[in-house]
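The structure under discussion appears below in the form of structure tokens.
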Amino acid sequence: MSAHTTAEQSPKRRRIHLDNDSKMHFSSILEDGTSKSQEALLPPRRARGYQLEMLSESLRQNIIVAMDTGSGKTEIAILRIQRELERCPAHKFVWFMAPTVALVEQQHSAISKQLPAFQTRLLTGAANVSHWSTKKIWDDILLNIRIVISTPQVLLDALSNGFVDLHTISLLVFDEAHHCVRDAPANRIMRDFYHYHRQEEGTDGLPHILGLTASPTTRARQTDLEVLEINLNAVCVTPKMHREEMMQFVHMPEYRSIEYQPDVQNFSSIVEKLSVIINELDIENDPFVKFMRRRNDLKSRQRLLDALENKKTPCLDQLKRCLRRSRVIHRELGPWASERFLTRCIMGLKSKQTNASGPQWADWDREDNSYMLNVLSQVVSSTEMGVQNPPDELSRKVHKLIDFLVLEHVNGSIGIVFAEERTIVIMLAQLLSLHPRTKHIKTTAFLGSSASVSRKSDITELHNPIDQSTAIDDLRTGKKDLIIATAVLEEGIDVPICDLVICFDLPKDLRSFIQRRGRARKKGSKFALFLHSEDRATSSELHLMEKTMKQLYLENKRALEHIQYLENVEEEGYDGFRVASTGALLTLSNARNHLSHFCGTLSAEFIATDPEFVLEGDDTTGFSAKVILPSFLDPKLREFRGILLWKTEKMAKRDASFQAYVALYEAGLVNDYLMPAHHHIDDEDGLEQVEKRPSFAKALGSLNPWAAIAKKWREAKHFYQNLIEISAGAQAFPPMVMVLPVELPCDISFRLFWNEHSTLLVSVKRGGQDFAADLIRLAADTTSILLSSLFSQKMVPGSLDFSWLFLPQMESIPSAIREWCDSVTGTISLHDIRDCDMAGFENPGLVRPMDNTARPCTFEKLVWRKYVPAETSDGASLSEQVTYDREVPHIEGRVWPKRTDFLHRLEPSNTSKAHHTAKCFYPANNCSVDRLPVEYSQFALFIPCLIHSIENYFIANELAQTILHPVGFSNLSLVLTAISSSAAREASNYQRLEFLGDSLLKLHTSIQLAADHPLWPEGRLTMRKGNIVSNGYLANAALQTGLDKFILTKPFTGAKWRPSYNTDHINTGDMTEPTREMSTKVLADVVEALIGAANIDGGENKILNCLKIFIPDIKWSPLNECVNILHHQEDSFSDENNNMLSEIEGLVGYTFKKKPLLLAAVTHPSSKGSGHSYQRLEFVGDSILDIIVVQELFESPRCFHHFDMHLMRTALVNADFLAFLCMNAYREEDRGEAVENSKRRVTVAMTKRRAYLWGFMKHSASWDIVNAQQRAAKQYEKLHEEIDEKLRSSKTYPWTLLCRLDAAKFFSDIVESILGAIFIDSQGSMPACRIFLERIGLIPYLKRVLSEDLDLMHPKERLGLLAGTLSVKYETKRTQGVEPQRWECAARVGDEEVVRVDCRVSRVDAETTAAEAAVAILKTRKLQSEASNKVAECD
């Protein structure tokens, strides 16, 4: 048996029995006459439960969907087409048929926009399908086509000629299926081909059938419905209407009848003149007769005889048709309209004559045109044609219409006037647009589309095809508010809800009557019919229609009253559900409200969140309900059924809601207070919205490691000596020893900056525990000597209780140390130096002026020079002594720096004398020189820096050995960097590590949460992750663990440095101060920096240990374990077959082992089905993308500054950039296009069609999504070449162009969800993820960012920098009265409006464009100002 059960074989037929139920069915049509256009005009609507019910039924068997106009039949068809194409072989396709060209064009537009991944083909007469005369042409035209949209006649002809095989069609869709009767083309397709094959071969291989209709028959007879079902081999089904929906008030129009008296049939002189001229025409002058007389063949002679006998030629036919229509117009509209009609016919002929010079015009075409123009020009003179008189002589019927419109068509009204004749439609529209009383009404005309050759050449066809193509859109957008139309607008065509529908000509039957009335749905709407007072037959028919309609209304009203009565029946429910810990109670009464609230808190763009109910049963058996929850919930938590049968639908829905909410509670999505867990975070959870944190927190004072060391001095029996070496290129310093009672944490090295040009490298190497206790006192003496050389005023006199001891590297015996101390103690006076005798000064110490008027200096040499006030080489005076003419001995040397901070580079702008080491000259007789060699004094000068650096390592080590002990850091420098804030001005700070750690934290948190909570929706995962990685939460973790006391925030300056004594530390304790104010951001940053440091020090294991310390709320697991869990979770994904996936795999460059992962990755959360959507995968992919980019930036050999890395990451992972990459990803496929040459021979030219990645996204046939796709695609077509060029070669990032795409979030979501799917399917393979990113263009641009110096700063950020201290404001607003919606923005800096931009596609576009323009202006001003200053300086 085939997949689609036949009508006769169906075990669950839900037939509409018109003899019993037809009145209710038709009444619902009368009540709800919304057109298909409401999907675009009303708020966005997802696939409703009844639409999914119809979809499911269509997948099971052939059906005719009978649903009210405006209830979403087209969406059902689109969902069905998508499902069919996903499961059918690639060589098969879908054929969609609609009865009119206008409807075909409309449905082609809808389907191609809704299903952009599939090639569609519109086939109408305009494509000259009748000239496609070979099968090869058809095969080429249908190559790679998956959906064909045409009228039934096109398919019938193709099947009849054998150009198309019915077995290659997988699904036939009949829109307005009630036309499939008798000898209609749709029925001939079924009768001559479908049923023929069915009888011969069975249904195997035949297409599935889907019919769509709002009115199954035009007459209310059961037999007619049975015939329709037989014709389409389908069952007519309709979804069950909920009482709740039926009880909602629907505005029914007020019926009005407009009676008019027909005009006396006295035609105007012009019409009569045309009649006379046509009757008096000499047929021998007719172009056709002349042409045939010139031919001698038998066929031509016969055609000539027929023309002469019947007086029938092409020109005569058109002229007579023109006469007939002018008379109809005269009768219906009046003399003015008929005369204006003839004038327009003449103008049309003149226009054709002007344009008839091309090769496509045959000679007889020109002759016919000239002949008819000559005839008609005798009727209306050129003078009369040039006069544009306002409508004056009008029919009584038109006067009645104008009176009615003036009264009823008020401001804001939208109306339709139905007329039968095409020429009446055109002329009535022109008449109303020109009449003084109605010209304020914005009137247009709509005839539908027709590609008939006869109509193309008909001189009476006055409509403009361009106007026809925009008429409906103009009505939707408000450019027009009244449309005059033929019956083509009765059904199918999307038009807005109207409040005024007028039948200028009466409907032909009940169905037409119902369809027209259905267009009037607004509150207070009017439905008016023009009645000919003398036409009794018409009046009788209309009376029957009115009677039928009133009867339907009355019965519907009674039914609604009965339903309301039934729903008010009180029923006793079952016991509620009580939470023991809180006492919260869930009952049948409050369950539905709870459920609605829960769903509402998970709102997202393009997703309707209200629960849907599907009812089963009836008044006899009782009702049960199924509730369908939004698709962002896991499929296991998406559908729930009530457990009992109820008398009322109300209680059935409450029952289903109760069961659903209990299940949500048990799944952990509802907390103990019966509130959504994702929306109401419990205080005791520790994850409250800590982003509402203060900027600063009270933190512990900085740790003082010397306090613990001071205690060790009192207790230690053995001491550690550590070697200190200082080098500066060729210059060598004597090695020194540092003695401590504890072991150094590690070898230490750092740099010292002696002056602007000289940098020293300090190395401290740990030594053994081999310094004798009896040498401690001597080491204290050496320390005192060293410190006294420079810090005597800061020392405690007589105290040797230092926290650390220093001495030169020498033999560790008392005599050697004493000898050294004796040799370096004291000074030598230079007062008596003569003849530059340098004996005894082989290794001199610092030279000091005896009057202390100047800083010490080094001793380089003794020189003779005139006695002048001592000065340095830069001219700084060092004394005020009198100048002598004779030369005296001077000490030449370098000034000793006054500063003690050598850990920081000297800035070029710093001119403080404390930094100078310039050359100087001191009079020798006023100086003394230290016995302590200058190298030791220089070492003493470095002691503050040395102590500070060692102190930091002791702090870092204490942290590593206590709080961070589980991590097991091996590189203490990483810990030190991680706890060093930028304010501390250490050699390295945490910012780069924090940048890496932030990404690692998000990665592990995202993957862990996704693995631990398979039922959590993306919204809750995101909120939970956001809380965990928030600065507030991490700052709290730092305070809770005591990390705060280890954080370095105070910069070293050395300005107030003094030697450290053990006694002081014992008295003050292990804190430098009790508490301090610390930025909570710094606290959080240090936690992230430690995570980054752990990664560098030991990879994932150390990261996990670090996470366990600071975030113990989560049970952390290795990434591979989490990925395995996620990989196995895929087993619960939908396993439905989808042939589309291989195309996506080719596009993304990865073949999935588990195909449902890819299907989920391209499924929008609005999509209805049994599978997952992309939201959770996007949640995972976001963190994968971030870590790939961050690691590349962090590991770059260029060692970027953290600020630059932030700019780079933002440029590479922002939503606009990802959206562009998504829109720029495509695969090409062949497409054939018919080409007709001048001889009307048809060939097929092969072209390429791009299938874009975004087009494969599955969704719920949402017009909001489609419109967003189309807007962005339109912008992409305008901008993509420029954006591509900017990304390839520009030095500036195209922020403005990217935001101008106005791309919805789902474009970037697709990139991240596919990345997440690849990561899980490959079980954590980053190379596989990189291949995808390489393919879509992200990695190539990342390489540019890494290798080139690009300006990546956002214009708004750049403007803020240029503004300096001035404020920057953006005054943004919508541009009024512009369609489509546009924005304008003024950028203000301080009080000045720098620039104003308009006509932008979004608020973001407006502000970004304004910022970019303002930046350009301010930069120009700056350059001009600098140029002016230079000119001024030159002057």
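Cβ coordinates are placed from backbone N, Cα and C, and glycine is handled just like the others.
The domain 'Helicase ATP-binding' feature in Swiss-Prot is assigned to 54-234; the stated evidence is sequence analysis.
Other C-beta atoms found within 10 angstroms of the C-beta of K73 (ATP binding site) number 25, with every protein chain shown included. Positions annotated as ATP binding site by Swiss-Prot: M67, D68, T69, G70, S71, G72, K73, T74.
Here Swiss-Prot flags 175-178 as motif 'DEAH box'. Sorting the motif 'DEAH box' (175-178) by DSSP state (H, G, I as helix; E, B as strand; all else coil) yields 2 helix, 1 strand, 1 coil.
Taken from Swiss-Prot, the feature domain 'Helicase C-terminal' covers 400-564.
According to Swiss-Prot, the feature domain 'Dicer dsRNA-binding fold' maps to 591-684.
Annotation source Swiss-Prot lists domain 'RNase III 1' at 956-1099, citing sequence analysis.
What Swiss-Prot lists as domain 'RNase III 2' is 1141-1323, and the listing cites sequence analysis.
Long-range neighbours of D1309 (Mg(2+) binding site) (same chain, six or more residues apart, CB within less than 8 Å of its CB): Y1174, Q1175, E1178. For E1178, D1309, E1312, the entry in Swiss-Prot reads Mg(2+) binding site, with the evidence type similarity to another entry.
Look at Swiss-Prot and you will find K1305 tagged as site 'Important for activity', backed by similarity to another entry. Secondary structure from DSSP puts K1305 (site 'Important for activity') in a helix. A C-beta separation below 8 Å, combined with a sequence spacing of at least six in one chain, links K1305 (site 'Important for activity') to E605, A1215.
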DSSP helix/strand/coil residue counts for the domain 'RNase III 1' (956-1099): 90 helix, 9 strand, 45 coil
Could you give the mean pLDDT over the domain 'RNase III 2' (1141-1323), rounded to a whole number? 93
Counting other C-beta atoms within 10 angstroms, the emptiest spot among the binding-site residues D68, E1178, E1312 is D68
Other C-beta atoms within 10 angstroms of the C-beta of G72 (ATP binding site) total 24
Taking DSSP H, G, I as helix and E, B as strand, the domain 'Dicer dsRNA-binding fold' (591-684) contains 33 helix, 22 strand, 39 coil
Rounded to the nearest angstrom, how far is the Cα of E1312 (Mg(2+) binding site) from the Cα of M67 (ATP binding site)? 39
Inside 8 A of the center formed by the CB atoms of E1178, D1309, E1312, which other residues of the chain have their CB, for the recorded Mg(2+) site? Y1174, Q1175, L1177, F1179, G1181, D1182, S1308, I1310, V1311, S1313, L1315, G1316
About how far apart, in whole Å, are the alpha carbons (Cα) of K73 (ATP binding site) and E1312 (Mg(2+) binding site)? 33
